[in-house]
Structure formats: structure tokens, C-alpha cells
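K.L.:
Got a structure for you, written out below as C-alpha cells; questions coming shortly.
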Amino acid sequence: MTQAADTDIRVGQPEMVTLTIDGVEISVPKGTLVIRAAELMGIQIPRFCDHPLLEPVGACRQCLVEVEGQRKPLASCTTVATDDMVVRTQLTSEIADKAQHGVMELLLINHPLDCPMCDKGGECPLQNQAMSNGRTDSRFTEAKRTFAKPINISAQVLLDRERCILCARCTRFSDQIAGDPFIDMQERGALQQVGIYADEPFESYFSGNTVQICPVGALTGTAYRFRARPFDLVSSPSVCEHCASGCAQRTDHRRGKVLRRLAGDDPEVNEEWNCDKGRWAFTYATQPDVITTPLIRDGGDPKGALVPTSWSHAMAVAAQGLAAARGRTGVLVGGRVTWEDAYAYAKFARITLGTNDIDFRARPHSAEEADFLAARIAGRHMAVSYADLESAPVVLLVGFEPEDESPIVFLRLRKAARRHRVPVYTIAPFATGGLHKMSGRLIKTVPGGEPAALDDLATGAVGDLLATPGAVIIVGERLATVPGGLSAAARLADTTGARLAWVPRRAGERGALEAGALPTLLPGGRPLADEVARAQVCAAWHIAELPAAAGRDADGILAAAADETLAALLVGGIEPADFADPDAVLAALDATGFVVSLELRHSTVTERADVVFPVAPTTQKAGAFVNWEGRYRTFEPALRGSTLQAGQSDHRVLDALADDMGVHLGVPTVEAAREELAALGIWDGKHAAGPHIAATGPTQPEAGEAILTGWRMLLDEGRLQDGEPYLAGTARTPVVRLSPDTAAEIGAADGEAVTVSTSRGSITLPCSVTDMPDRVVWLPLNSAGSTVHRQLRVTIGSIVKIGAGS
């Protein structure tokens with residue numbers, strides 16, 4: 001009997017080899033490891049060090065098999081299948097079975113009997129394989145080796161060295177996948193052990209993966225340690241809500257409380273990895289300030305205290321206030337909502353409030369960005385995928401730092417560079433640690449000079465690479481703050497034929513774009529200005545007409561609210577601190593006659609609202625996020641039942657509110673929203689050209705001044721990290737970055753305090769002298785001691801003052 005292995009064939013038919021395993025012939029692609037060939041036949045060879053995404057090392061020797069013609073058993077995880085090879089596993093060979101029993105006995109000699117208290121107990125490969133491939137008793141009578149435990153690898157990862165079997169999974173992940181030197185094998189022989197670098201700071205965003213892939217309980221998570229047993233938990237597949245990567249994950253919970261998250265196995269997206277933020281930042285949904293009941297102003301007094309009320313009463317008050325302001329109402333929806341919720345906001349704005357004043361971009365943005373999204377991104381699903389990054393002849397990044405802003409994109413780019421030699425270029429002020437890990441190349445640029453740099457790339461070596469089929473240009477949301485930046489990126493893509501991808505920072509932004517939560521776009525990427533597009537939406541929504549005039553963007557909505565042009569605001573999940581001037585946002589809310597807020601937790605927005613509706617976190621509702629690729633990532637509620645808080649999905653709240661206003665919204669469930677979106681489909685008409693915005697060029701600062709640049713670090717002061725102190729403990733130290741000449745100009749040395757200031761505030765941090773353009777200053781935008789929007793009231797690209805000292 002002969003079996004043929006299924007193979008992902010990209011180019012042509014791979015060369016095959018045929019071997020025999022346990023008496024059965026199988027044909028596999030040349031280069032396949034014996035252990036993989038056995039897996040294709042359903043034969044499970046025990047192993048510890050082997051992992052399909054790590055390079056083979058043969059460290060544990062547990063996978064020994066007998067190979068005909070060899071003098072001794074071979075490790076199947078390092079042995080490559082060859083033509084006519086005859087392999088016998090433990091199922092048919094006494095030699096292989098005896099060898100595996102011997103290795104297991106050796107591994108257990110010093111392993112402690114911690115199973116009753118070990119976090120890995122119940123899901124431990126060592127425990128399971130000791131039962132299936134080990135002895136029933138031990139012949140070892142000497143004292144076991146012991147170590148002091150645990151050792152803090154970081155604030156959130158603990159190491160029990162005496163449990164370690166030296167499989168090197170964690171160290172290989174550190175070196176091969178993350179590129180972070182945070183854990184290594186130390187000493188030799190009987191003294192060999194896993195340890196950390198004493199002189200290297202722990203700065204990995206991916207350390208939690210070592211806990212998950214550890215085949216024993218040597219590495220454990222601080223937050224989960226001694227909290228539960230695997231067999232006590234209910235596991236639910238879910239999707240990460242923290243960024244646009246779209247990671248699959250598993251949520252483990254008990255009695256209505258989430259206890260841990262693990263990376264899900266999705267080869268097309270995150271493979272088997274996730275970042276530490278996605279793994280551990282979930283306690284925000286159970287903080288004491290979670291809203292559990294609708295709130296209204298006491299006695300209807302706009303200055304009265306917020307008091308609890310019934311859903312029906314809150315609906316009646318909100319409906320009355322919004323109906324009175326119909327046609328003079330704006331909708332602000334943050335980038336964290338699901339695709340279905342964003343669709344409900346977009347539909348509610350148009351048919352219930354009669355306005356196109358809606359925007360999901362609760363952050364610095366521009367009209368150029370809206371044009372770019374309409375022309376190049378909306379309605380174009382999967383134009384670039386994760387797989388495309390691996391096979392691209394070149395990847396160009398602009399306005400985007402993947403390690404901080406989309407960690408799984410970073411891991412895939414690092415894999416592309418390391419395994420496939422894909423060159424990665426970035427247009428940025430300086431080379432980051434992430435760029436070095438991707439073996440990337442810097443195109444050093446002053447903030448504001450990105451359009452000129454992009455235009456220059458059209459000719460030359462990089463332009464030639466971009467003209468190669470499959471080349472990719474990735475732009476981040478920060479490029480929206482550079483006049484002409486997105487226009488130049490689109491122009492370069494048109495000139496070279498490179499594919500264009502947009503990676504926002506938040507999980508819900510791409511879905512909100514596709515749902516039509518923009519002042520110039522309808523669902524499916526339909527241009528509002530197109531009469532046919534409006535007619536299609538009218539037919540789907542069973543209405544006579546839609547408001548045709550382009551609406552205001554988020555900044556315009558807030559400005560109109562501040563001068564009382566708008567009489568009411570409907571706000572869902574925005575953070576004023578994400579805007580360039582948070583004080584202006586709060587002032588606009590204060591000036592608005594009637595504010596309805598849909599929110600998970602109390603905030604500066606709910607403090608100013610007239611009606612507050614509690615909404616559910618992602619663990620308690622169904623929905624979908626659309627990741628940066630345009631891939632739909634659906635999920636069901638992990639937590640169900642009477643123990644949950646009273647929040648509802650945004651779309652359910654809006655559907656009920658529309659009913660109270662005499663309008664049938666038709667989205668009471670996610671299924672109803674998805675059916676409507678599927679019926680609408682993607683716009684197949686003409687997309688707008690552009691954008692075509694002229695670049696203004698970088699501003700020229702004087703002595704003692706600098707152009708501000710920066711981005712948000714992955715681990716920062718974001719509200720979705722609230723309640724997770726261990727994760728906050730590994731956030732990177734905030735610094736001010738200056739060039740050597742600029743630091744010398746203001747009299748600051750490396751490590752000394754530097755103050756960055758505007759007329760409205762200042763930030764003082766240690767100086768990190770960096771190879772970057774002169775009179776440019778870099779700050780983390782939302783880290784401890786450096787919340788730029790709140791403290792300076794400006795955003796990147798602005799001129800700020802710099803000086804030595806506090």
C-alpha cells in the first residue's frame with residue numbers, strides 16, 4: 001500500500017521520495033523529516049524538542065526510531081526521508097521502543113514529582129508520554145538535582161529549572177522566531193541549564209510563547225501560576241482584539257471568569273504565535289469601573305449626577321434627545337468595535353439620524369487618508385496576505401513600525417527575511433531594534449520628508465525591486481499625518497506595480513472601513529457620491545433615499561459640536577487621549593447639548609454623557625474583526641450565562657434605540673448584520689482615483705527646537721492593559737531620542753534628562769543618543785511619563801522645544 005502526502009505546491013511539482021514506515025510505503029516531498037512523514041500516516045512518535053515551526057535540533061532524543069542499515073537508532077526529528085528508506089517506529093520495533101523507554105527514564109531521573117501542583121499537569125507532554133512510552137517505576141534511588149525556584153525570566157514569565165528537560169524549544173524560539181536574546185542555554189554537561197542574560201535587558205514582546213510551547217512546567221506565566229487545572233477550564237476559540245493582526249487565540253475560563261489566553265493555531269495568520277499583549281491583556285474587562293447598568297442624568301438635569309436606570313427608560317430618554325437633534329447629530333465610533341457593530345453605527349447614522357457625519361478614526365487623521373482608503377483599500381479584500389509577505393521580492397514599510405504596531409506582521413516579516421532572504425526597507429528617522437531583527441535596511445528620512453523619499457524610490461535599485469511581481473508596500477496609519485504621504489505611496493505603487501497594504505493599529509478599523517463608518521463611504525467600499533452606490537444601499541435597506549452630502553470627519557464633527565452647529569453626539573468607544581488635542585475633544589463634548597455614550601467602562605466621555613449604555617467586551621459577544629489583510633475573523637462569545645455583566649453588543653443597543661425612534665434598523669443579531677452585508681457585497685463599480693495631495697515638505701526647526709516624531713509602543717498606558725501589572729512590568733523604558741549633534745547642541749549626554757515642551761506642557765525623559773536626522777526628537781506617544789497628546793497637546797510632525805535638564 002502506498003500513500004501520497006498532501007503538499008502546498010507554490011511553483012511546479014516538488015521532487016518526491018518514497019520510503020517505508022512500519023511496513024507502509026509513503027511518498028513525501030524531498031527534504032521531509034521522518035517524523036513528519038510518520039505524522040502524515042497517523043503515527044505519533046513521542047517527542048519534546050520537535051516543533052514544526054522551529055528548526056530541528058535533536059536535543060531530547062525521545063523520538064528515536066530504527067532505520068534499516070543504521071547501526072543505532074536515529075532521531076526522527078532530524079533525519080531526512082530518502083528514497084527506499086525503511087523506518088520502524090516504536091510500534092513495530094523493539095529496538096526503537098527500548099530506546100524511547102531508556103531516554104524517558106533518563107529525562108525523569110532529575111525531574112521533580114511536582115505533577116499535583118505543576119501548572120502543566122493535565123496537559124503535559126512529559127506526563128502523557130511517561131505513561132505511554134516510559135517505565136511503570138523508577139530504578140533511580142539517588143537524590144535528585146534541585147535548584148532554587150522560581151527564577152523571574154521577566155515580570156510575567158517564571159522558570160523552574162529543575163523541571164527543565166533541556167529541549168531548547170524556548171531558546172530556539174527566542175533566537176529563530178522572536179529574535180530577542182532573552183533566554184539561553186548556559187553551562188555544559190550535567191550543569192547545563194536554561195538561564196537569562198545578566199547584562200541584557202528583557203525586552204521581548206513574545207515571551208509568553210515560550211510558556212505555551214514548553215513541553216513541561218519549567219516555564220509558567222505569573223498571572224496564571226497556581227490558578228487552575230486544565231481540566232477545570234472551558235476552552236473557547238476566539239480572536240484577539242488588540243491590533244489589526246487578527247490572531248487566532250484560545251480563551252480558557254472557569255465560572256464566568258477568563259483565567260488565561262493561548263495562541264491559536266492558524267497557519268495562514270499567526271501560525272502558532274501571539275504577542276504578550278494579546279496573551280495577557282484581558283483583565284480590563286473585569287475592572288471595578290465596568291459599567292453594569294444604563295445611566296442617565298438625575299432628574300434630566302444636564303449637570304446632575306449619572307444614576308442607574310432601566311434599559312427601557314434609558315432608551316426612551318436617548319431616543320427623545322436624538323430625535324430632537326435629527327439632522328444635527330454626529331457619530332464618533334472608535335476603532336475597537338466589531339465589523340457588525342460598525343455596520344450598525346453606519347446604518348443608524350444614515351437612516352435614523354439622517355446624517356453622514358460619522359467617522360471611526362478616533363485618532364490623528366486627514367482628508368487625504370479618507371480618499372486613500374476609499375480609492376485603494378475599501379472593498380479590496382486580501383490584496384496582500386501574510387503569505388504574500390513571505391514570498392515578496394521586497395517589502396517597503398512607511399509610517400509603520402511592525403514590532404510595536406502589528407507584532408504578527410513583524411514575526412512574518414522576520415521569518416521572510418530569515419528563511420527566504422526577503423529584503424525589508426523602511427522609511428523612518430532611525431533604525432529600530434525591530435528593523436535589525438528583520439535584517440532590514442533604513443531609508444533615513446526627516447518627519448515630513450516621506451513623500452520625497454517615496455518619489456525618489458521610483459528610480460534606482462529599490463524601485464527595480466518594487467517593479468518585480470509580488471512586491472509589497474505597507475503603509476501605517478501614522479502616514480496620514482504627513483501631507484502628501486499617502487498620495488506618494490499610491491503613486492509609487494502605480495509606477496512600479498507593487499501591491500499596497502494598509503495596516504491600522506486597532507483591531508476594528510478595517511472592519512469599520514468596510515462597514516461604511518466614514519463620512520464619504522457606504523458599506524462595501526461604495527462611494528457616497530455615486531448615485532448607483534446610494535441606490536444599491538437604499539434597496540438593501542428598504543428606504544427611499546440616503547443623505548447625499550458628504551459628512552464631516554471626526555475632527556470636523558468635534559469642531560461642529562464645539563461651536564454648537566451639532567446639537568447631539570452618539571459616541572461609541574473613543575478615547576479623547578487618542579486625539580492630538582484631548583482637551584479640545586472634552587471641550588466639544590461639554591459644549592454638546594445631548595451626548596449618548598456606548599461604553600464598557602467609565603471614562604472621561606461617560607462623565608460628560610447624558611445617557612450611557614453598557615456594552616459587552618469581546619469575551620461576552622459574537623462578532624468579527626477584519627484584519628489588515630481584509631480577512632474576516634469571526635468569533636463567538638467565550639462567556640455565557642447569568643454570571644455575566646449586563647452589557648449588550650453595540651448593534652443590539654442601536655437596534656433597540658432605533659425602534660424607540662420609530663425606525664427599523666434590522667440588526668438585532670450578528671447574523672442579521674452579516675446577512676445584510678453579504679447581500680450588499682463589495683462595490684464593483686468605479687473607485688475614486690487618487691489621492692492627489694501635494695507634499696508640503698518637512699518644517700525647518702531652529703536651534704533648541706525639533707520636529708516631533710514617535711509612535712505608540714506595544715506595551716504602554718493603553719486602557720486595554722489595565723489590571724495587568726505583570727505585563728506593564730516589561731514595557732520598554734520610555735526615552736527621548738536625539739541625534740548626537742542635536743544632543744550636543746542642547747548640552748545633553750546619553751542617559752541625561754531632556755525636556756520636550758510646547759506652550760501647553762512638557763515631558764522629561766532620559767536621553768538616548770541615536771543615529772537619526774538632526775533636530776528631530778522621538779518620543780513614545782502613550783507610555784509612562786510620555787503621554788504626548790495629553791501632556792504636549794500636539795501630535796507627530798509638530799515643532800517642539802527641546803532642552804537639557806528637568
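Cβ from N, Cα, C; glycine included.
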K.L.:
Which single residue out of Cys214, Cys275 does Swiss-Prot record at the [4Fe-4S] cluster 3 site shared with Cys240, Cys243, Cys247?
P.N.:
Cys275
K.L.:
Take the mean position of the Cβ atoms of Cys164, Cys167, Cys170, Cys214, the recorded [4Fe-4S] cluster 2 site. Which other residues of that chain put their Cβ within 8 Å of it?
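P.N.:
After dropping the recorded site residues, what remains is Ile165, Leu166, Ala168, Arg169, Thr171, Val194, Thr210, Ile213, Pro215, Val216, Ala218, Leu219.
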K.L.:
Let's see if you can do this one: DSSP helix, strand and coil counts over the domain '2Fe-2S ferredoxin-type' (15-93), in that order.
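P.N.:
Secondary-structure composition of the domain '2Fe-2S ferredoxin-type' (15-93): 7 helix, 23 strand, 49 coil.
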K.L.:
Compute the mean position of the Cβ atoms of Cys240, Cys243, Cys247, Cys275, which form the recorded [4Fe-4S] cluster 3 site, and then list in sequence order the other residues of that chain whose Cβ is within 8 Å of it.
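P.N.:
Output for this site, in sequence order: His242, Ser245, Gly246, Gln249, Asn270, Asn274, Lys277, Gly278, Pro407, Ile408, Ala507.
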K.L.:
At the level of the C-alpha atoms, what whole-angstrom distance separates Cys167 ([4Fe-4S] cluster 2 binding site) and Cys275 ([4Fe-4S] cluster 3 binding site)?
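P.N.:
About 22 Å separates the two Cα atoms.
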K.L.:
Which of the binding-site residues listed here (Cys164, Cys243, Cys247) have a Cα atom within 10 Å of the Cα of His111 ([4Fe-4S] cluster 1 binding site)?
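P.N.:
Passing the 10 Å Cα cut: Cys164.
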K.L.:
Going by DSSP, give the three-state secondary structure for Cys247 ([4Fe-4S] cluster 3 binding site).
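P.N.:
Coil, per DSSP.
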K.L.:
Using the recorded [4Fe-4S] cluster 1 site (His111, Cys115, Cys118, Cys124) as reference, state which further residues of the same chain have their Cβ within 8 Å of the centre of those residues' Cβ atoms, listed in sequence order.
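P.N.:
Those within range, site residues removed, are Pro112, Leu113, Asp114, Lys120, Gly121, Leu126, Gln127, Arg163, Val216, Gly217.
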K.L.:
Looking at the binding-site residues Cys63, Cys115, Cys118, Cys170, which has the shortest Cα distance to Cys243 ([4Fe-4S] cluster 3 binding site)?
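P.N.:
It is Cys170, whose Cα lies nearest.
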K.L.:
What Cα-Cα separation, expressed in whole Å, is found between Cys124 ([4Fe-4S] cluster 1 binding site) and Cys214 ([4Fe-4S] cluster 2 binding site)?
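P.N.:
Between the alpha carbons of Cys124 ([4Fe-4S] cluster 1 binding site) and Cys214 ([4Fe-4S] cluster 2 binding site) there are 9 Å.
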K.L.:
For Cys77 ([2Fe-2S] cluster binding site), list the number of other Cβ atoms lying within 10 Å of its Cβ atom.
P.N.:
26
